[in-house]
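This report concerns only the one structure given below.
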Amino acid sequence: MPIESGSCASARQAKQKRKSHSLSIRRTNSSEQERAGLQRDMLEGQDSKLPSSVRNTLLELFGQIEREFENLYIENLELRREIDTLNERLAAEGQTIDGAELSKGQLKTKASHSTSQLSQKLKTTYKASTSKIVSSFKTTTSRAICQLVKEYVGHRDGIWDVSVAKTQPVVLGTASADHTALLWSIETGKCVSKYVGHVGSVNSIKFHPTEQVALTASGDQTAHIWRYIVQLPTPQPTADCNQMSGEDEVEFSDKDEPDGDGDGSSDCPTVRAPLTSLKSHQGVVIAADWLVGGKQAVTASWDRTANLYDVETSELVHSLTGHDQELTHCCTHPTQRLVVTSSRDTTFRLWDFRDPSIHSVNVFQGHTDTVTSAVFTVGDNVVSGSDDRTVKVWDLKNMRSPIATIRTDSAVNRINVCVGQRIIALPHDNRQVRLFDMSGVRLARLPRSNRQGHRRMVCCSAWSEDHPICNLFTCGFDRQAIGWNINIPALLQEK
């Protein structure tokens, strides 16, 4: 009697499976038809506002969908059985498949490939689950280390810039699209002085390094230097603002913004005229800053130029040209006569005024969209932020490539560096504020919930390293500035 070969036996088994599969489908179809008839009979006895033709059509369509799913389910079961059979055959050495014998090496290769795929899936699943757990821990940690202390509400439009005075008494300054600049008591949150000399949006505010004098840049194509005299009110006990809400983040509408009509800025002392007006630009002056020593000031404008002025005479010393598009920001080095300007042309430029006879310029290229700001650190580094959702750390001695790149999920606005601790604060279009170190490691994210934090785009950040209560300030287009207490030793320890 002839012995049936392995391949013939496999073919017969497969044929029997297909036959049984076909019979099961027919049984399923017949049972589905009976079930559909029963359902139709049951629905006919029920009250319905749908016409009978529509109901019959829906029943037929749902019946077809159910049959398709059942067929797919049966095919899935059959495929699983075939996979189990193939796995058993692969496990047996020397077993023939399609007339070819598998050597031990081939079996080992196939097994290792399957194991590698399974391992990769497990790693991916594990990484996704653990990242969620780690993110939840980071949120809790951030809330413990980064606490909201005070909100400064009084502007009637968005706030573009925030700065902290370098002299006593230490006050907070804000520049707003409502044509005013306000000075605040950091401890009480009360407005202590108002500047109303501009006739356009106030886009920037910087304090003189040694005097009670402020420098503001405006959309009226000028920069103003004005003196302020403030008397800080006595701090009053306030409710604890550090109790963070446990609720998740939610979206806000314009109606959730602070109402500026009930502010206290209307009864604070008002400065109406500047000491000096710097007038040489043909476009919006978007930013301004003091050079080291405070005897000169630099401005950046949408007319694609930056200007260097003598403060005492208001005369234009140098016009810094070279950018191909509007400037977005300017910043000066804290200890050297260096200026950096950023632009919509995706570059930022370093201007060197240390040698009076030579005014060199270096161009930094590396971003793919508008460079929104570039700021100095104490050493030989510059940090730049861009609308391309990256922040780059540069070495002034090597301009070819950044030494660190931070990638984010939203455009980055005016950044600020905590010089002593080398921590970068990144304000974003998506209302987030994140903290990174100079090597690009994320340290924390400022808490943002349905009760605390910014409700619209965060425009700027500013560190105040010596203040005992608030050491970081942020402002946004929700018309408010916020003072934060960042526990820097704990933050660095978490790192």
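Every residue, even glycine, has its Cβ placed from backbone N, Cα and C.
These features come from TrEMBL:
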REGION    1-36  region 'Disordered'
COMPBIAS  22-31  compositional bias 'Polar residues'
COILED    69-96  coiled coil
REPEAT    152-194  repeat 'WD'
REPEAT    195-226  repeat 'WD'
REGION    237-273  region 'Disordered'
COMPBIAS  246-264  compositional bias 'Acidic residues'
REPEAT    278-319  repeat 'WD'
REPEAT    320-361  repeat 'WD'
REPEAT    364-404  repeat 'WD'
Chain residues outside the repeat 'WD' (320-361) and at least six past its termini with a C-beta under 8 angstroms from it: 283, 286-292, 298-308, 367-376, 378, 382, 384, 386, 388, 396, 414, 419
Average pLDDT across the repeat 'WD' (320-361), rounded to a whole number: 93
Residue numbers, six or more beyond the limits of the repeat 'WD' (278-319), whose CB comes under 8 Å of its CB atoms: 161, 200-201, 203-204, 206, 208-211, 213, 215-219, 221-225, 325-337, 339, 341-343, 351, 353, 359
